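Everything on this sheet refers to the single structure shown next.
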């Protein structure tokens, strides 16, 4: 079937203890053939079942090794290259200065258009004062993440930039401009649980949200999307952190549909991911957990009417108990019938 997409190098069915997990992988000779196979076979019907075909993503540990290999290659290429940056010295200083910004001189700029470069950002904010450095944050593919920073030579210029460009509209997007964090604040744990992950546990009732345990500690939010979108559309996925702000090895993943959460548990529970077997159940949120506990307490408590009745039955019948020094209750004498009348009514033997 998948041979129609191109030349196959290797293919196999993913199993657990000899039983199929309902998943398989196909390795093609080229990325172009893999893309063609995804385009041709994704969401098609095979033997009466709709199949989902996605690009396979290796576990985070393997990706890290690949990244290290690439970085090592880049460093070797850099050593062999004698080319120098042709930008003027001032521009190089504005772009690549490694000095920590002085307190109050850094400005954070959010909601940037993805087309904005560090050079565009620098030219725009130069109206507010003298700039030392401007950066636009990028992902591992070199694409903008939609935010950046600008460091000014003094705090007054930074204040001027916040006042001048807050809510400024650039290419249809309203910028978020505020003072950056001080160096001391950056050293504090940056990772805390959100309302989506705080206090969440495993073994909840069926829903569209799952709890994933025993993840590699280097797993990121991107890893979660890449792994679970092989099942279907993921609307939210976050790593859960411990009290020290470090990954706990657990995560919460929300699917678009409950059927997809069911499928994820069926196919990926005990799946070996980065050398660790995943433990996947439905998520149990704090409010739902409290509701379940209250229900169990109410269910185990005796009914109020029954408790009262039992108390009455166990209590001594005080109305019949003799009371000391109590006045005797007068007894009415039964009326005596006339003996003559009785004899008259009696039958004659």
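Yeah, the Cβs are placed from backbone N, Cα and C, and that goes for glycine too.
Listed features, source TrEMBL:
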COMPBIAS  61-97  compositional bias 'Basic and acidic residues'
COMPBIAS  307-328  compositional bias 'Low complexity'
DOMAIN    1-58  domain 'RRM'
DOMAIN    105-182  domain 'RRM'
DOMAIN    208-285  domain 'RRM'
REGION    49-108  region 'Disordered'
REGION    293-349  region 'Disordered'
Open item on the list: Averaged over the domain 'RRM' (208-285), what pLDDT does the predicted model reach?
Closed with: 93
Open item on the list: Going by DSSP assignments with H, G and I as helix and E and B as strand, what are the residue counts for the domain 'RRM' (208-285)?
Closed with: 19 helix, 31 strand, 28 coil
